[in-house]
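In what follows, a structure is listed as structure tokens, so that the remarks can point back to it.
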């Protein structure tokens, strides 16, 4: 008796989902198509261009320092991921496992630090580095991203460690394992899902940050991809739109693929982070 | 033999390390004494001067002085350096005080050991013990010092700037800064040019945060419900397709959107033209620009809520729905009385976090509209500027560092009070045991 109504509802759901999927994929599709389009203007009369060309990609590699920027980005992102994950692991493990004097204060400190607008500290670091004459270095970026990662991820990581049963460690300790040994051979392997999530977040953060990197990196050779892309848009917006499109595709592809492949860890991490309360 | 702990402690008060030497802990004593000597040296010869620098921010301005017949450019004090050095000195002094206390305590404890007739541990044993008993501190030392010097110190510095007159045209090294107390805060609230902009931007920031949070939240939950309908097929496909906006770095997608919504050449207006809707000024008209940022924010933010809602939806017991059906409930009633309350209950704290996040949502505004269209009544700001983007513009484009810090503190106060409020609310939720 209800079947016709049900079928109608189900059909309606499919229609809505198709529309939503179209909306969610359109920008990606459009920029991809634009990057293969001939000419350099924003305007095009159809979504799929009549003539395909790889010229913009070639242009990007030949006329800008794209490859160099890519190498810089990779260096900064990998560096901050390594540093950030190491600091995060150590810090959140200690906070989760040991009841030491000052533990509550440390947690509160992290909570308060999270509430300040992120780049309030950033501007201060910029002023400091500027007065010290230490601008334009990748090391400064890595340090700042790496140490910033503790503050943004500590609650997710701590929450994860809280779920690993203490008895596992106790068993190892009874067998005579040292703290460090327990940490390295029991805790670290068990926390792969959380590690994947947080290192993905740190990597992504360093990969796409254009604000702080733009402040710190002053010369074209030192730039990262995100800064290069941002500059391209803010300086020669509509005149070289297709070249921007090619650049955007190249920046987005690695991160997007990583995210989609590691979807499972991402979902776990997000769900864990939401219930930190 | 009862005086060991007293003697050790007092010797360590005199100079950390002496007490340890007295307990015949040679390596430990010498290394403590070395640190302590360096610390005392720094305090005696540096601390007072540094603190004076922090308090006065310099007394010797740069400028031309007469030297004989020539006037020569003389470099004076640099207020920013003085402030930073003063701060670092204070931080280090606190650390030194903590070290001092620990040394005295250690000497006292070792004294107690000796009184009981034990042999005080050697350096090697102490190190081993530190790795065992004080593992948490050893492990936390590096991350915490990184946070202390790379986040806390810059933040304190930034907060202090709010109480100085560091705003164009008073810029070091050409000028000296001064402490001005609460003057900047008073100006922000009382002076017409500042207060008009501040209240205008503050109210838009709140409207934006409410709308952005509610739209992405409701949208995300609805989509999740749509996909988790039991008889719907290709669930994995829909899910992956709809997560794509989250996977694309939002810096890239926002720059792309900025072009898509281009009034003249962007594809959005061109497709709308097919339906006879012409020339909507997406990014150039104050009202439409606000609508656009909210729409685009939905595109970016819905996937996260969707992912979280999936998690909650699977935890709702199936028999609740069956019971409701037996009672004759329709789809809408089931949604209203089972699904929504359950989802809302378990994601309520998240909602507040998202609200706070949206108040600080820099990227969406900065990359999409850059705060434009410009509002001529505002001080260095446009119609879509949030407090954060205004802060950024004030600091980096206009060099109004002190006012930027005032805004930063305002944002902190709003976010902090929200979080405290939400914390007490969720606690009361938990205590009420509404659903469990």
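Including glycine, each Cβ sits where the backbone N, Cα and C put it.
Automated prediction, rather than curation, is the source of TrEMBL annotations.
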Correct range for transmembrane segment (source TrEMBL, candidates B:11-29, B:30-48): B:30-48
Given ranges B:106-134, B:135-163, the stretch to which TrEMBL attaches the annotation transmembrane segment: B:135-163
Which range of B:291-316, B:369-394 is transmembrane segment, per TrEMBL: B:291-316
Non-local residues, at least 6 beyond the ends, that sit with Cβ under 8 Å of the transmembrane segment (B:237-257): 223, 227, 296, 299-300, 302-304, 306-307, 310, 363-364, 367-368
Same-chain residues at least 6 beyond the ends of the transmembrane segment (B:291-316) whose Cβ lies under 8 Å from its Cβ atoms: 208, 211-212, 215-217, 219-221, 223-225, 227-228, 239, 242-246, 250, 253-254, 257, 261, 282-283, 338-339, 342-343, 346-347, 350, 354, 358, 361, 364-365, 368-369, 384
Annotated stretches the transmembrane segment (B:401-424) and the transmembrane segment (B:135-163) touching (3 or more Cβ pairs under 8 Å): yes
